[in-house]
């Protein structure tokens with residue numbers, strides 16, 4: 001009997017440990033909205049995260065967004081970590097030691113290649129500058145918008161031909177001078 005009690009006590013201890021471990025690791029749960037964002041920020045830390053998996057990752061499941069996976073289905077830690085961005089250091093390791101071996105770059109190495117004397121770019125630029133000098137936008141010369149141009153021209157002509165009903169003088173009338181009788185003492 002004593003051995004049976006020890007085995008039973010050992011089984012109860014193991015069962016308690018197993019239940020505690022399952023609760024600690026947790027089963028998959030659903031996360032939505034702010035809870036999902038907070039959890040992603042906690043899991044990913046400074047790396048940041050994506051709402052859809054980046055291209056090139058090992059996709060076991062069909063590429064769904066994290067909202068569909070975690071809000072409508074169950075979500076666990078491993079799944080959350082697949083949506084974390086890669087750290088900057090792992091993508092490109094530019095430590096001070098690796099930069100020491102690089103030669104100094106000067107401005108001449110970044111100059112644009114020179115265009116030919118009569119390249120298409122120069123012809124296009126000359127045509128556009130000629131259009132601007134003539135002050136006629138290309139949209140008004142287009143056949144499709146010609147009716148709009150004619151309407152604008154008619155409106156301008158109507159404004160030029162409009163005459164006001166009353167013509168106001170361009171100068172103010174002279175101020176009336178006060179007569180000496182009006183300015184004298186009044187009794």
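Note: Cβ is positioned from N, Cα and C throughout, glycine not excepted.
Among the ranges 52-64, 104-116, the stretch that Swiss-Prot annotates as region 'C' is 52-64. Swiss-Prot tags one of the stretches 8-13, 14-19, 86-91, 92-97 as region 'D', and that stretch is 86-91.
Considering other CB atoms within 10 Å as the measure, the emptiest surroundings among the disulfide-bonded residues 32, 44, 71, 75 are those of 32.
Cα of residue 70 (disulfide bond) to Cα of residue 84 (disulfide bond): a span of 14 Å. Ranking the disulfide-bonded residues 32, 71, 75, 84 by the distance of their Cα atoms from the Cα of residue 47 (site 'Important for interaction with integrin') places 84 first.
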